[in-house]
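Before any comments, here is the structure.
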Amino acid sequence: MKPSVILYKKVADDLRARLDQHFTVTELDAFPALDHPALATAEGIIGSGGKVDKDFLQHAPRLRAASTISVGYDTFNVDALNEKGVILMHTPTVLTETVADTVLALMLASARRVVEVVERVKAGEWKGGVGSDWFGTDVHHKTIGILGMGRIGLAVAQRAHFGFSMPVLYNARRHHAEAEERFNARHCDLDTLLAESDFLCITLPLTAETHHLIGREQLAKMKPSAILINIGRGAVVDEDALTEALVKGTIQAAGLDVFVKEPLPVDSPLLDLPNVVALPHIGSATHETRYDMAACAVDNLIAALSGQVKENCVNPQVLK
């Protein structure tokens with residue numbers, strides 16, 4: 001008899017067929033849907049979004065594996081999963097290059113004021129030669145500081161070093177030999193990173209240690225010409241402090257793909273600022289990469305429920 005699983009995000013037809021080959025699949029339009037009878041027999045879940053916590057696990061007593069179509073897993077209570085022995089799988093490898101491309105897009109858009117200038121053109125303000133009030137700042141040869149040198153940080157460093165001849169600084173728990181050898185990256189403490197970076201690129205996940213890691217005190221240590229880029233998690237940055245810094249000119253601009261509350265409320269003060277480029281958390285949102293993420297998540301669930309896990313496991317201790 002096939003294991004029962006819950007699918008809570010639509011996937012391509014071929015991927016759905018693969019799930020059907022291995023499992024008895026119940027597809028939910030809403031999740032977590034605690035009152036749905038499929039939870040009682042589900043051994044696996046696959047999708048993205050929705051909270052998986054102790055309450056959910058009480059309604060899914062047979063759950064053995066959860067496969068999220070994402071790198072981030074902050075919607076999962078990992079401690080609760082560990083207590084129940086539930087394997088949590090994610091997709092950390094397939095979106096690296098696409099998210100790194102998004103970082104460069106945010107850097108260029110913020111530095112060259114692309115969104116602001118486009119809106120001015122559409123509003124009919126381009127009536128002749130452009131003056132300095134239309135100017136942006138260069139990206140090439142500027143110093144990039146990367147906060148968190150994981151897969152995405154390394155891919156950003158590659159683009160910055162080879163594509164824009166940028167000196168690379170980084171702050172991480174340990175030295176990254178590949179970054180230092182290939183891109184001449186320099187490991188430094190956080191204060192040095194803040195003080196010397198023209199672009200501060202945040203790639204960190206959200207943890208107790210990284211929550212509001214960048215606040216008013218840290219922003220004050222940055223250059224007035226600096227641009228902050230965040231594609232990690234919104235709450236790594238204190239949004240109130242960031243808004244204040246952007247209004248006061250403590251830093252020049254920000255390019256943001258992640259926010260504390262998503263979708264970003266329409267009354268967020270960040271949306272009123274011309275020096276903010278705000279994206280709707282689309283760092284990995286290309287047709288190719290989203291397909292690859294879903295395919296990886298399907299493979300992950302099959303591996304987890306067949307006892308064949310070799311990679312992409314968030315909590316490998318439950319495998320022992």
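The first residue you see is number 1, and the count goes up from there.
The backbone N, Cα and C atoms fix where each Cβ goes, and this holds for glycine too.
Copied over from Swiss-Prot:
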- Arg233: active site (ACT_SITE)
- Glu262: active site (ACT_SITE)
- His281: active site, proton donor (ACT_SITE)
_Please identify, from the active-site residues Arg233, Glu262, His281, the residue with the sparsest Cβ neighbourhood, meaning fewest other Cβ atoms within 10 angstroms._
Glu262
*Rounded to a whole number, how many Å is the Cα of His281 (active site, proton donor) away from the Cα of Arg233 (active site)?*
10
*About how far apart, in whole Å, are the alpha carbons (Cα) of Arg233 (active site) and Glu262 (active site)?*
11
